[in-house]
Amino acid sequence: MKSLLNHKFTGSIKVPGDKSITHRALMMSSLAEGTSTIKSPLESDDTFRTSEIMSQLGVSITNEAGMITVTSPGAENLKTPGDILYTGNSGTTTRLLMGLLAGLGINATMEGDSSIAIRPMDRVSGPLGEMGADISLKDGKYPPIKIKPGMLNAIEYNMPVASAQVKSAILFAGLFADGETIVHEQFKSRDHTETMLKQFGVDIMVEGLTVKLQGGQSLKPRDVLVPGDISSAAFLMVLAAITEGSDILIEDVSLNETRAGIIDVFRQMNADIEVNKTSSEGEAIGNIRVKHSENLSSFELSGDIIPRLIDEIPVLAVLGAFGSSPSVIKDAKELRFKETDRLRAVIDELSKFGIRFEEFDDGFIVHPITEIKLTDNDFKGYHDHRIIMMLLVMGIAAGKDINIDDPSAISVSYPGFLEDLEQLKQAR
Ligand SMILES: O=C(O)C1=C[C@@H](OP(=O)(O)O)[C@@H](O)[C@H](O)C1
Ligand SMILES: C=C(OP(=O)(O)O)C(=O)O
């Protein structure tokens, strides 16, 4: 499908800092007695929630010119918060802090917005309960989450779903548990917690799909450099690949293998992509250049690649629609438990452009778009940042001005998205 656009997107850009890494850096610096710094963090609604909560626990956090300074009295001296801890729209804040607060033995109640209120939390309270944590949930499953102090024992846990949030919550609790905590994954989920715990001086062992950690270790302060977020870069990568004349260079972005599944997909699609790693110490970092390609083919994704691109699937549906034959996503049922049911949202909203889908319980087939015909110009963003940015990319590629009910949730992960699009936009 040729795009109807009269402009292209060119130039170099840095996307905002990685959301997963920023959350973890704020949490781990708050456990390490002394002063740590976080350079180029993501400054967005979700990371603000984590920062606010760490402050409520007695940590001093200041932010000046793209550098956060965290001064902590140490894990044992964090205090019981006076108020409810509000996690907003952030699943990562909510789930990781369940493990951390249970480990710290802090009495607290956490709740978030209306989307967090219907995201399952029993996947975390289950294993934490096995460790001895006292956590109660509404209807046994949802926030508000009430955590009471208690002694924890280490467990050996087989993860039923690929989830870095569950794995990280168990590892955080394991830091304070008696004995060795062992987590086995079926598919490898993002490993930022493991990498960063090592950087903060924790002895943690990673062997294939198994992570082991001895309780009773303390963290030492350090300086963290946050690379750009490949999940944010994904929107620009897809835009460049599908709009004629485009050529975008994204600099200093995370190339962590457990996050970089989208690069494999671009290669599978015969997209024009160049990747140049500039550092592989700790978190891999580098540059990604994507040019428009006339000859995108298709992709078939299932199994272990899914956790490596889980948040990119909405925008990959757009890429698939510009391929020469149908593309397939399977084993992605987890998308139904994100900020909204993302499989439903992708199919319902992209169908309004005339894109044809076949839906499965755990994925979809997206057919190549042959003609863009808007059946409805009123789009729903479901207050989900990834769905809204997906729609904006599709709208641009289609050369249509679309109405999205409420685009404000972009600020959950990429507050400057519209400005970055403006900066890259050129007349053709
Ligand atoms: O640990 C993290 O930082 C995240 C893990 C993923 O969720 P799951 O753990 O539910 O797969 C991902 O979708 C989310 O955006 C961030
Ligand atoms: C699912 C996401 O985040 P969280 O789980 O932290 O809300 C996301 O950023 O796409």
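Note: Cβ is positioned from N, Cα and C throughout, glycine not excepted.
A 10 Å cutoff on Cβ-Cβ distances gives ASP311 (active site, proton acceptor) a total of 23 other Cβ atoms nearby, all chains included. DSSP assigns ASP311 (active site, proton acceptor) to a helix in the three-state reduction. Taken from TrEMBL, the feature active site, proton acceptor covers ASP311.
According to DSSP, LYS19 (3-phosphoshikimate binding site) is assigned to a helical segment. Cβ neighbour count for LYS19 (3-phosphoshikimate binding site): 25 (other Cβ atoms within 10 Å of its Cβ, all protein chains included). The annotation 3-phosphoshikimate binding site is assigned in TrEMBL to LYS19, SER20, ARG24, SER163, GLN165, ASP311, LYS338.
In the shown protein chains, 23 other C-beta atoms lie within 10 A of the C-beta of GLN165 (3-phosphoshikimate binding site). Reduced to three states, the DSSP call for GLN165 (3-phosphoshikimate binding site) is helix. What TrEMBL lists as phosphoenolpyruvate binding site is LYS19, GLY91, ARG119, GLN165, ARG342, ARG386.
Per TrEMBL, the feature domain 'Enolpyruvate transferase' maps to 8-421.
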Those recorded positions in SER20, GLY91, ASP311, LYS338, ARG386 whose CB falls under 6 A of ligand 2, listed in sequence order: GLY91, ASP311, LYS338, ARG386
Distance check against GLN165 (3-phosphoshikimate binding site) for the recorded positions ARG119, ASP311, ARG342, ARG386, keeping those with Cα within 10 Å: none
Largest tally of Cβ atoms lying within 10 Å of a Cβ, found at which of the binding-site residues ARG24, ARG119, LYS338, ARG342, ARG386: ARG386
Contacting binding-site residues for ligand 1, chosen from SER20, ARG24, ARG119, ARG342, ARG386 when the Cβ sits under 6 angstroms of any of its atoms: SER20
